[in-house]
Each structure stands twice: as structure tokens, then as C-alpha cells.
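I have placed the structure first, in the form of C-alpha cells, so that the comments after it can refer back to it.
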Amino acid sequence: MNRRYVFSLSAGLLASSCMGAIMPVPVARAQQASTAMTGAQATGGTAAPRQILLQQARFWLQQQQYDNARQALQNAQRIAPDAPDVLEVQGEYQTAMGNREAAADTLRHLQEVAPGSVAANSLSDLLHERSISTGDLSHVRSLAASGHSAEAVAGYQKLFNGGRPPHSLAIEYYQTMAGVPADWDQARAGLAGLVAANPQDYRAQLAFAQTLTYNTSTRMEGLARLKDLQGFRTQAPVEAAAAAQSYRQTLSWLPVTAETQPLMQQWLTAHPDDTALKEHMLHPPGGPPDKAGLARQAGFQQLNSGRLSAAEQSFQSALQINSHDADSLGGMGLVSMRQGDAAEARRYFQEAMAADPKTADRWRPALAGMEISGDYAAVRQLIAAHQYTEAKQRLTSLARQPGQFTGATLMLADLQRTTGQIDASEQEYRSVLARDPNNQLALMGLARVDMAQGNTAEARQLLSRVGPQYATEVGEIEVTGLMAAASHTSDSARKVAILREAMTQAPRDPWVRINLANALQQQGDVAEAGRVMQPILANPVTAQDRQAGILYTYGAGNDAATRRLLSGLSPEDYSPAIRSIAEEMQIKEDLASRLSMVPNPVPLIREALAPPDPTGARGVAVADLFRQRGDMIHARMALRIASTRTIDLSPDQRLAYATEYMKISNPVAAARLLAPLGDGSGSGAGNALLPEQQQTLQQLRMGIAVAQSDLLNQRGDQAQAYDHLAPALRADPEATSPKLALARLYNGEGKSSKALDIDLAVLRHNPQDLDARQAAVQAAVNSGRKSLATHLAMDGVQESPMDARAWLGMAVADQADGHGHRTIADLRRAYDLRLQQVEGSRSASGPAATEEDALAPPSSNPFRHHGYGRQTELGAPVTGGSYSMEATSPEAADQMLSSISGQINTLRENLAPSIDGGLGFRSRSGEHGMGRLTEANIPIVGRLPLQAGESSLTFSITPTMIWSGDLNAGSVYDVPRYGTNMATEAYNQYVNSLSQNNSSSSLRTQQIQGGQGEAGFAPDVQFSNSWVRADVGASPIGFPITNVLGGVEFSPRVGPVTFRVSAERRSITNSVLSYGGLRDPNYNSALGRYALNHYGSQLASQWGQEWGGVVTNHFHGQVEATLGNTILYGGGGYAIQTGKNTRSNNEREAGIGANTLVWHNANMLVRIGVSLTYFGYANNQDFYTYGQGGYFSPQSYYSATVPIRYAGQHKRLDWDVTGSVGYQVFHEHSSPFFPTSSLLQSGAQYIADSYMQNATASDYLSEETVDRAYYPGDSIASLTGGFNARVGYRFTHNLRLDLSGRWQKAGNWTESGAMISVHYLIMDQ
């Protein structure tokens, strides 16, 4: 068996087989259901409807619509409850619902009913599969994907406990086993068994046929099976298409013989445009390259790179296989000539010419040119030292010597072409052709120039004049031309198509593969990129294979694979880029080993950056080490130190540091570094850059423009964001990323329809662009076009089922449709796929606008409005993480994984019913029996999710106890200020005076009472979603006064702006009086009855048994704007306060404020702000006599505070602490003792007047109390502030404990509180 073909396909086969394994119900089972239904229809009886119902149940299980699956299963159970197939689906349903114990019971029953049946075996396999660790399975799959087939097979066997594989994993297991030569026969037998057991399992049929094609002895049988599979396009379209691709690939492996030629001709009849197969038939390669050919090819590549020792070794290896190999002999002659050994070079050339006279012309110029080889050797030394100017001067002089014009000019032209002087090189090639129109080297050189410029037709015309002896070189030039054409287009779909054509022509060319892989990554198809690179990563044959593999794995951030490939590459084969990577790997390894021994990495960073860094590799290495650990703080520090060590940075340094700055999301620093380079042409600022440097510069500039635009868009400044993006839109109208950024700007301004037009236009241009598809799905949801969003998402999943982004788009659509469980399933699928990708890279390798209108950039800034526009100074975004010596987990190191995990956790909690219980305490300052308040409550809250977690219904009941303490009955100041105790004390004074004058008086004094405790429970029902909240409830039932409470708030969001409008009726909880009301102790006393009898209905209408229980009817509006990390808000409102037997009041209030993020890392944040507040009441009711409300109600209140918030989390612990300090000024008017009763107020006035006339120093009532019947006003200015803290700890996914405390000083009161609460998710979704 040819291992080369096995490794080239193993990754693709494994990826396709994994798709079935991660489905909740394996695809093979759905196919079995379809087959069973077909057979049932033929047999008739009760089996047919039963099989149809079972097929429906399996379909709904696959769609994760479990209610529908249960209904279909129950209907089937009514027909035949003990039928083996019914029991099998019953077990599958129980497994999908997570009820493994029930599924195990079902399996035992099934084994009793039908022992050894297919149904029993299938259900047993399913239960075994579900017991396998997902993490272990992902690790084994990553081993297989990286080409470590033997290790992967051992891993699978460990998962299977040495037994046979579960049905859903059998195909991928045997496919992986087929990659181990010693196990190929066993793999074939295993797949043959699967096919025999179920001929309609098309995935097994495909895998079996493909495995047969890998071995020359069974290749024709595999071809026949692949051809048969192509006929099942209706039943199995995916497998049929894959079979066609495998069939075509296998044809290219076959020699052209009488047996194989008809097969190839049949294919060409159906596919007349397959030029590669035509070429294969005309010029059959004779099978895979022999070892001598590979060694010879490597020798010439090494020779062209100046690595003479490696080239000599390669040519000698080829000659050991075939000592008469003319090309290898000639290669040795070239090596000897460059080494300065003229005699040895002459001997090798002569032997080469004698070995193959037909190719003797290749070596005659070299033999003739040996006389001046010293000059050419000197030129080559200059080129190797990058002294291009001196080399060109020597070549120009050399061309003037007799007989040297052609050779020197061609060498000069080649040098000019490779250093980017395309026009000059074209002129030199043409000068050679002017003297010698058929000069083969000049024709090929000029063709390379035309290919590089995109002039494909002209290049091919030149190549048509090249003789067949240069067929290999001509093929390389055509491939180079295709690669140049690909580099000249920013259309990712066209670029991929061009590079696929190039790979068809040069399947083993590593540079074609890496360019195609990079193009696929830019298109978003990371999995396919890995499959393209897999052959050279798993089995690198040449040094160039390793070089390309190193560049690919380095770009993917896979340091382990990069080091592995480097270990097999000789330092002589290092290119400048590879040498830079090798140095970076060494720096990282050394620094990482020392980090574990120090508590502070800063000294090590400075030490590592002390040596010179001419290419920027050292600074990038140090910064990238910390970036990979999630430590952005020290990554930024390393880059800052590296980029400021010298004033005059080289272009290489600027490009390297800027690239790393972009990796850590700091486009501002990257732009600052690139500014001195200008446009790279040298016409303006900066020197001229090499072509590769110019390309890197352009890519960085585009990325910076997009990043800065997104940053400003987050801040809500779409106008300035467009100003940053417009140059990128103009520079490359075909580029995708600026267009998608423009769509995000429209989304940010609330113009979702316009954003959708742009996203759809990009998607029509390149349907494989998953980033564009994701954006289109979100824009469609934002525009209210949910059906379109679902259609786009489903297309993405069908086209790219192994890409996490496709499932993220599906999650957006499903959530918009209210399918919460399906949304979680989509997110979990995306998480698993992304995790596999990350672990794999770590361990190994209305009518819409027209497309033109949507894609065209606006002629002017559409986000710049008249009279609006502010210039925002861009600052570096604050990112980073705390230093840790431990390597980060995949989730912590990968932004997509972290985001998906957060979405899953949030949605899981939103979908799960929950119950909360707690115990809270509150204490408010004031006089005993009046303003002082102590409260204890036990809130019990239940929450039911609605609409896929987008909404919820919350029920709560809160037992509440409040008390104010006992009134100080001996206080001459407190007693008259409570209820109607002023009358009581006046009466008692009268009785005492009368008793002194008449000892026989029968009148008795009344008892002073005051201060009450109350208890009750407060019910409430609340509905809420993202933009509306409404509730209805009551103040505690059991208090003297109970009020119906409730409210509604609307909070629609338009772009970065949120509008809040609310209307609510709430209790004022400042005191026992305002919260629950009080009963006047005098109402039923003898004095009270006397007063009511004496004053009759007039007093009865002004005096009741209870007063208080105040509610505020509040109407409020607010606007909030989120501008990046800053939140601005402002609003105002009006309220009316009413209570039982209390004076009505009204309030006006307004406030503005802002807060901004001043620091954050991966786990913590700090925000600081400022808040300005005003409110004022019509009258002052902050007192406790009858008719007063007992709540703080100044006539004007102003405050300015500075709040600071610190929040964070660490593992299971999270916290949120806010503190504020400020200054307040408020003014209170005077207020009558009894504002609702003219009789009581006139009595109070009479008592006050009488006191002023008759009081003595020993009187019970003090002058301070009754000098007038009004409470005095006041004006106060003082500090204000407080804090609010919460600490939570999550014991399990379902259970969380919260502790909170607060203290506040405001107005004329202080308040403190504490609570302990438990949050429990009843069902873990």
C-alpha cells in the first residue's frame, strides 16, 4: 500500500466520519430508519405504520425536538410496545434526554425480548458510546488528524476497552486503522463487515471503497465500488459526491494501461474540461516519484538556495541509486563549480553529457563558462549576502565581456525579477531575445515576468516556444503564474479556485499547498486548510516540505508542531524567515523554562530583549509567549520595550512588531509603528520596501482600518469610524473584511436592512464566506426577517457542517425563532468543533438593493450628520490578563471558545427554572418609635423561563417584619411629634393641674403610647424580557395598610442608545409609617371618644384610626448611550405621593451622569463615573404626627457623587463592589403638625399659644416642642456617600450562594443592610 495516498486523504476521511459521531442521533441510524421504512412498506401489516413512526421519532431526535420525538415514539409503543425496533428507539430517546439508567433498563428488556438482535447490539453500542469521555475522544481524533494513526488506533482501543467499536464510531476507527500499514487488512475486514451488516449504510460503503483504493492490489475493486456509489445521488447525495471526488483522485494514481485507459476515457467523456487527467494520459508519470527523483529534485532546490553541502549530499544519494543519472551528474558539476573545484566540475559535466547526449545542451554552457566562474562565484556570494546593488554592478560589467552578454544578462534579469524590479528584468530578458529569439532561458524568464504581472496569455505564448527538455521548468512557471494570479486578487473564492488548479498541476509542491491553505483560512475554512497541508505536515519528504510546514504551523500558533518540523530541518536549509522562526522558538523555550522560577516576569523580559533585534523576531517571540498564555499586560510591555529600544527601527522590525500588536488587539500602536513607512513605494515618506514587505504593509493597514472602525463603532461614533474605514474600502474594493466592517457600522446605527444588503452581496459573491454568512444571519434577525435568517443559517450548516461558525449562525437563527433547546445544542456543537480545532492545532497539525449598490462605498460619509460629529482621540484598548506561570486552557486562550462558553452558560441559566431564597436585614437611622426602622425579610422567588429564555415569569413572596422601637414616653421632645400625642399630653397636663387644685377630681391621665412593630408578606408577579418589564403585587399583607403595587418599563435599544420609559406604583419604605402605616393610639381611647363626640362629624372626617402607607406613582424617562467603554445617561421624571389620611405630595426629579471603564483584564474590571442628581417635593412630610407621611421629602435636593465600581471573578468566586463619595445640599420648608386636619392643627396652635402664655420651666411640654404648631424648616450641606458589595460563590452549576452588604449616607439619614441568598437552578438544561 502506498502510504503517501493514505496520509493525503486520512484527514479528510476522518473529518467526514466525525460528523456522524457528534450528532445526537448518528446519521447511520437515520439511514437505517429510512431503509427500514422502505422495507416495511413492502411487507404491510402493522410494521409499516410502526416503522414510519419510528422514522419520525428518529428524525425529531436528530433535530433535538424531543416533545415531537416523544409523541411519535408513544404512538409506536401503542402499536407494538415490546417490538425490538420500538425498544431500540425508546432507548435512544432516553439516552438523548440524559436518562441513562432508564436506557440501561430498556437495553436489559430488549436483550430479554430479542437477545443478540441488531437492535440490541445497536442500543448497546449507543450506550457504550455515550459513556466515552468527550475530551478523550477529541484527543484521539486530533492524533488521527495530525497523522499519528498508530497512536490514534491505540487511543480508540483504550476508549473501547479493547472491545469492538460502537457502531457510530466504527467507521472513523477503521479509517484511522487503514492509515497503519500493518493494520490495513484488519481495517478492510472491519469496514467490509459494516457493509455486509447494513448495505444501505452509505458512509460505510464510501469508507470501504476509499480504503480499497489505497492498496494497489485492491484499487480496481475500490474504483468499481466508488462508481456504484455515484448512482445513489438521491438517497445519499453527500456520499455520492465524495465518491465522485475519490474516483477522480484514484484515476490519477493509475498507470495508463489497456485496463485503465477505458476508465479514464469514460471520465473524460463526462468531464471534458479535466485537463489534468488528459495530461496524465498523454504524459503518464509512471507512478509515485522514485527515491532518486526526489533526491535529485531536492538537490537542485538546495543548489538554487545556495546550500551546497545539502545539495551535494542529495545528488550523491541519487547517484547511489543510479550512477548514470545525467541530471544528478550535472548537478554535481554545478556544485563543484560553485565550490571552486574546476577540474571536478569539468569531469562531472562531461560524464553527464556522455550519460544522456539528448540533454547535453544543458551542460555545455556551464562547461564553457567555467573560465569565468570566479566572477560568477563572486556575484553569487554578493547575492547570498544580500548585497544586491554590488551584484548588479558586477553583472553589468560582466555582460560587457566577450561572450558573456547572454549569461550575465540572464543572471542580472533573474536577480532583478526576484528583488522586485520587474520592469528592469523584463527589459533585460528582451535584450537577450533580441539577439537570440529562441533563447530558452530568456523565454522562460520573460514568461515568469508576464505571469507575475498577470499577463497569462503572453506568458503561455512564450512558453509554447520552449522545447520539451524544459517541460518540468515550464510546468513550474505555469504553477508560479497561477500563484501570482491568486496573489493579485482579493476575491477569496477566486483565489481558492486558482490555487486549487495550481495544486492539481503540482500536487506535491509545498508552496502551492501553503498558499492554498492560507487562502482557505482567510475564507474561514480552517478545517479544509488543515486537510490541504496534512500530507506535508504528516510526512515531509523534502526540506521545502518542512519549510512550508514550519511557516504554516507557525502562522497557526502551533509551537509544538513548529518545533517538531524544525528538528528535522538542517540549519543549512534555513531561509531567513525560517531562521527567524527558529530563533523565536528557542527564545520562547528558554524564557518559558525560566518563568516558572520567578514571581515577577519583568526582569526576565528586559533580559530577553537586551540583545540586538534587527528583524524584530526577538521582541515578537517574547510578546507572543505571554499572549499565548493570555497575559496581555506583559505582552504589551514586551512590545513597548522592544519597539522603543532604538529610534530608527528597520522595516522588518516595524512590520513584525505591528503584526504582534494586531494579535493583541492594539491597532493604534500598530498604526503608530507603520506611519514612518509611508505607502512602501519610497515615493513619499519612508524608503522603498521589498514586494513581500509591501504586501504585508497593505494587509496590516487594512486590518488596522477595520479594527479602528470597529472600536469607534462600539463607542457609537459611526461617523468617525467610517472615516477610518473609507481608505480601506477605496484601496481594495473587492476586499471582504472592509465591506463586512461597513455592514457592522450600519448595524451599529440601527440600519439593519442596509447592513443586510451589504452582507448578502458579499455572500452572493462568495457563498463559502462563513464570516459574511454569520453577519448576514445576525443582520436578518435584527431586521425582523427571521425566515431569511434561518434559511441562511441552514445553508451554512449544510455547506460547512464541521465549522464552528456555521453552527454559531444557526444558534442566532434558532434563538430568534424561540427554540432555546436547539440554540444550546447549536452552541455546544460549535464549542465541540472549535475545541477540536484548537486542540488539533496545539497537538499537531424588502426588495434588496442591487449587489453593485450594496458593495459600492458611499460617495460621502453617510454617518456624518449636520451639526453632529466629534473627534474622538483613539486610545489603545485596555486588554490583558494577570500573570500566571501555568499554561492557559484552550477556553482561556481562545476568544471564540470563551465567547461560546459564556453564551452557553447564560442561555442555560435563562432556560432553567430557578428558585431563590434569602434572609435580609435593613436598618435606618432615626428616633425610636418614629423614624428609626429595622426590617427583616425572607424573599422567596421562583422563575419560569418563556420564549427560549428570552422572557421570564417570576413569582415571589416576601415575609417581612418591621419595627421602629418604643417611643420614649418620658421625652418632652419626642412624644408630641408622634400621632396625636400632643393632645394627650395637653390633656394630661390639664388633669395634673386639676388634681393639684381639687384632690377629689375623678379625671385620670391617659397613657402615652407610640412605636409599633408590623409583620406581613408581600406577593409579586413579574414578566420581563430584553425590552419590557412589568409586575403587579402588593405591599406586605398584614401591615395596617396594604397597597396594590406594580409597574411597567419599556427599554428599547437603537444602536448604542437605550431609551427607558417607566410608570410604576411603589411603597415608600423610609419608615414604619410610610411603609406599612400606623394606628393612632388615641383613636379608641377615652380622650379620643370624647373628642369625636364633642366635635362630631367635622372631626370624624378629618381624623381616622390609621394613617400612612404612602405610595409613589412615578413616571420616568431616561436615555442611555454606550460609547465604547463609556456610558452616558440622563433623564427625569415626575411622581405623585399618596397615602391613607396623609397629605398628597408631588416630586420632580432629574439626573445626568457618566461612567467609564478605566481598567480591566480577563477576570476583573474597574469603572469610575460621576453622577449629578436633583429632586424636589412640593411639601415636607418627613414627620410622624397624624397626616404626615414619614418620608424624606425636601423641597430641593442637589448632589454630585463619584461612584467607583470594582468587579471580578476567580474560578467559582465572583464579586461586585461599588463605593461612592460626594457632596449634597438640600432645603426643607416648615410643615404643620397636622397637615390633613384643620381641627387638630388649630388645637395644636391653641396648645402652643396657651403654652407660651402659661408655661413654667417645670412644665412637661418644652418650649422647643410647642412654641408653634409647625415643624421648622432647615438647610443642610454635607458629604454623602456609601458602598454596596456582593460576593457570590458557585458550588455547582445549579447552586450559587450570595452574600451582600451596603451602607449609605444621604439626606438626613443613614441606612445599612445585609443579605444572604441562595440561587438554585431546578433543571440543568
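Our numbering is plain: 1 for the first residue shown, then up by one each step along the chain.
Cβ atoms are placed via backbone N, Cα and C, with glycine included.
Features of the protein shown, as given by Swiss-Prot:
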SIGNAL    1-30  signal peptide
REPEAT    50-83  repeat 'TPR 1'
REPEAT    85-117  repeat 'TPR 2'
REPEAT    292-325  repeat 'TPR 3'
REPEAT    326-359  repeat 'TPR 4'
REPEAT    406-439  repeat 'TPR 5'
REPEAT    558-591  repeat 'TPR 6'
REPEAT    702-735  repeat 'TPR 7'
REPEAT    737-769  repeat 'TPR 8'
REGION    838-886  region 'Disordered'
For the repeat 'TPR 7' (702-735), the number of residues DSSP places in helix, strand and coil: 27 helix, 0 strand, 7 coil
Per-state residue totals over the repeat 'TPR 2' (85-117) - DSSP helix, strand, coil: 26 helix, 0 strand, 7 coil
Three-state composition of the repeat 'TPR 5' (406-439), taking helix and strand from DSSP: 27 helix, 0 strand, 7 coil
The repeat 'TPR 6' (558-591): DSSP-derived helix, strand, coil residue counts: 28 helix, 0 strand, 6 coil
Residues of the repeat 'TPR 8' (737-769) by DSSP state, where helix covers H, G and I: 26 helix, 0 strand, 7 coil
